[in-house]
Amino acid sequence: MVFEHPYQRSFCVLFISLAIIVYFTELKQEKKRNNDSTAFKQNEDFSATTNIIPSVVDNRENFAENSSGFIFNTLSFLDDSFDLGNLKIDSWPNEETAGLVYILGLFELTSDEGRTPRGETELMAAKMAVKHVNALNVLPGYKLQLLVNDTKCDPGVAIDRLFHAIYSEKTVTMLLGSGCSNVSEALAHIVPYWNILQVSYGSKSPSLSDTKKFPLFFRTIAPDSSHDIAKVHFIKHFNWQVVATFSESENAYLLPVNKLITDLEKENISCAATVTFSIDNYKDQLKILKSLDIRIIISSFSSKMASKIFCAIYELNMYGNEYVWILERQEDKWWEGTSGCSQVKLKQATEGVITVGDFDKLRRDQLFNETKNETYELYRLLSETGETKNARLAYDAIWTMALTLRESHVGMLEDFNYNNKEMACLFVKTMRNLEFIGISGPIKFTGADRVGDFVISQIQDGRITDVALYDSIKDKLNFACNGCQKIYWYNGLIPIAQRILKETLVNIPNALYIIICGISLMGIAISLVFLYFNMRFRQLKTVKLSSPNLNNIAVVGCILVYISVVLYEVHNITKMWQPYADELCSINVYLLSAGFSLTFGSIFAKTYRVHRLFAYTTAGLVRDKLLKDQHLIGLILIPLFIDTAIMSLWLAVDPLNKRLYNLLLEISPDDPRVVYQPQIGICQCQNTIGWFIALFGYKGLILIMGAYMAWKTRHVKVPALNDSHYIGICVYSCVFCTVIVIVFSFVTDYFILSYIAKTTSILISTTIVVVLMFVPKLKSIFCKVDEEVNIMQTMGLKVEYNTRRFIADDSKEALNRLEIQNRVYKARLEDLDKEIAYLEDLLKNYSSSDLNKAHTEIFHVTADLNYFRIPRSSWPTWDNRTSIKQFSSEHKLNNVKISEKLNILGKLKRLFGSITSLGNNKIDSRQEGSRENEVLRSNPEIFSRLYVPVNQDFGGISSEACVRKSY
């Protein structure tokens, strides 16, 4: 038992439906093919095509048939133009005896939107041309017959129509069509297999110019690449030797540009750059084009991009009298749009733009001066629909075929078949040598492309104005053509392709160089004087203690620096030194480096000595702490040896040489087309920066160390030893000079400012070093200042209260001194307390009768104690509580004996004296006491604390308090 599938019936219905649809589709296509095949059975009568051509064509053929006088006059014009002889109307070929030559005409008669007026007009023009050719008997014994079909601008449909014609009973000798480039290109690939010559009237694709790829293809419409000859003549007319191209990145625009570049090179015109762009990057590409500084720019792009591009051109200021833009002429007026910017800006940017297009009018002297001429009537007839350009080209294409067949062996036309390659080659050869004047203008071919007359126009005040006409027959431009206006250039100055570049060698002004050299020579002279002074007075203590050897090295370094300033730029100033420019570059660098090493090395050595000496302010002056001159000289020579090694390696591997460096361009104020390129000679090598870093990099570390030590020893002032008062200024000036030289070494565009800054900073720094090292010594010697220099001051010490102290104040030393003084005062207080206790005991043991006698002695004691001046402590050398060395007098304070502190016998003798002397000198003692009272009264503070009347009773007053108050 067989079960039925649930979808079986649905599938059956679907298959049956598809079969029915396919059957009716094939039936419809077969009917359409039968209708199309009837086109190849038509004769030359226009009435046979009434089912395809609109009524306007019928009206035109009726006009042609019913106006025999008009036809004859028109044919007379065509006869004169084509140089065919004085033919009569009765010379028309006999329709019964003439042989038929079939031409397949493929036109774009319809589209998806309906009928195409342009295609209909082209068909009408082709039929009119066939009728005129037959009427003129251009082909004696033969008659042209046009087989018409519609391609719908579809390559597939066009190929199908071609095959229908080829496999029909009629032999197609030539193919007319089509107006679409893609259709023509597809047909051009096929026709060589059947040896059929193809002539297009509307295809402008640049790829169709390839005769190797399309050997049997010709066209009466001039492609954009055919305008190259007019562009080349226009460029040569204004003597522009350099141009640039700016094209859209599509084959339709790139291929014509590539051919143009080849044509330009043949005429010795250089194409400096070929810039392509897309819709996304056209602004960036315009900036690149502007950076090239090319002023004549040949462009190729669509009309949709034109307005956007010129808005960007306006923003980049690439318009006006300095730029010439050469474009392909477009059918629409794109410069009147507002895409991308305002219409005012677009109009300003497009003012003066040059366009090149086809000259699609008949001779102007006949067309506009003889308005009743038959030629004008024919032109008007082809102009009624407004689609005149391709219609005239289709008309000329029929005449091109007819003249080619005429110039070939006419008697052999009936022998043509699709295998006759020799006859096809003959047709090609004949057509390439063909020249005649057609309705659209002069016609001749270069390869597959037509070379006709072209018009050069300029946008003036927003309107297209013709300025020149290229005559293809005479092969020249005519700026005085009929209807041409004068070309306009801003201020009457013809733009230049590239600004005239004039190179000028710029040097340092002579006056400036003389001033710098004069200052340098004065510095050398002063340095030599100081060097003589240093050697002449080196035995004097002031000079001797300032390290004259180091001073001599510093002076020599300064002299080398001054010499390097003199040699700097000397090869650009004097012609005598120009042959030795390369050697002077290396010598100058070495002198500057060596001079800096010697000069700053000496200053650094002195700074290091001071820093070493005063690194520990509490340390004493020990011999091993002082660096000798030979040690410091060795320290100075190390950078000099490094400089010599680096310079030797530099000269061996990558020597310096003079090269020209371009400064900023300067536009001539008199002629903006002239640009001056100032150049200066600079010393360079392959890796200049690297070598300078190697040569001066380690000097930067020395500068940093020198600046640090100068800052740390800024309070040290030991003029005779190391010029410490000025050494910091010397270090800072060297650092400042180095920074200025490094910074302005990279400022090459402002070379005069750079020269002034570098030389001035070097001279100032060097002069400061020389002056500060020697002027104070000259003053000390010749002005007799400090003639006897104390050795302790020389060592940075001074004597104060019999104590050696540093000249520079030090907080640690002051603190230690105060601590010692504090201990001294405490020891004094202890001694006084013991003495007070002793005196109190004496008072208790004495009777009251003896108090008057002792009173005077007390005054002596208290007065002496009050006026006792406690001397300041001596220089400390060690502190027992710390690791610091003792003070020279500290051990006496700690180890003093009691007997040395208080001599009891001496005190008693001084206090009481002998009884005999007291009795004898009672009156004298009173007188002496009165004198002491006067002394006490002269000091109110002391008197108020010590004075006690002699006759005062001590009754209520504590004697201990009275005595202690005095202290």
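Any Cβ shown, glycine's included, is placed from N, Cα and C.
Keep in mind the model is a prediction, meaning the values are calculated, not measured.
Look at TrEMBL and you will find 6-24 (among others) tagged as transmembrane segment.
Annotated transmembrane segment per TrEMBL: 511-533 (among others), in sequence order. Within its own chain, the transmembrane segment (511-533) has Cβ neighbours under 8 Å at 552, 555-556, 558-559, 562-563, 565-566, 569, 573, 752, 755-756, 759, 763, 766-767, 770, 773-774, 777-778, counting only residues six or more beyond its boundaries.
The transmembrane segment annotation in TrEMBL covers 553-570 (among others). Here the transmembrane segment (553-570) has long-range neighbours at 507-508, 513, 516-517, 520-521, 523-524, 527-528, 530-531, 534, 577, 584, 587-588, 591-592, 594-603, 633, 636, 755, 758-759, 762-763, 766, 769-770, 773, meaning same-chain residues at least 6 beyond its ends whose C-beta is under 8 angstroms from one of its own.
Marked as domain 'G-protein coupled receptors family 3 profile' by TrEMBL: 585-789.
Here the transmembrane segment (632-653) has Cβ contacts under 8 Å with residues 547, 549-550, 553, 586, 589-590, 593-594, 597-598, 601-602, 604-606, 608-609, 685, 691, 694-695, 698-699, 702 of the same chain, all six or more residues outside its ends. The transmembrane segment feature in TrEMBL is assigned to 632-653 (among others).
What TrEMBL records for 689-711 (among others) is transmembrane segment.
Marked as transmembrane segment by TrEMBL: 723-746 (among others).
The transmembrane segment annotation in TrEMBL covers 752-775 (among others). Within its own chain, the transmembrane segment (752-775) has Cβ neighbours under 8 Å at 508-509, 512, 516, 519-520, 523, 526-527, 530, 533-534, 551, 554-555, 558, 561-562, 564-565, 568-569, 592, 595, 599, 603, 723, 726, 729-730, 733-734, 736-737, 740-741, 744-745, counting only residues six or more beyond its boundaries.
According to TrEMBL, the coiled coil annotation covers 808-849.
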Subject >> Integer mean pLDDT for the domain 'G-protein coupled receptors family 3 profile' (585-789) >> reply: 78
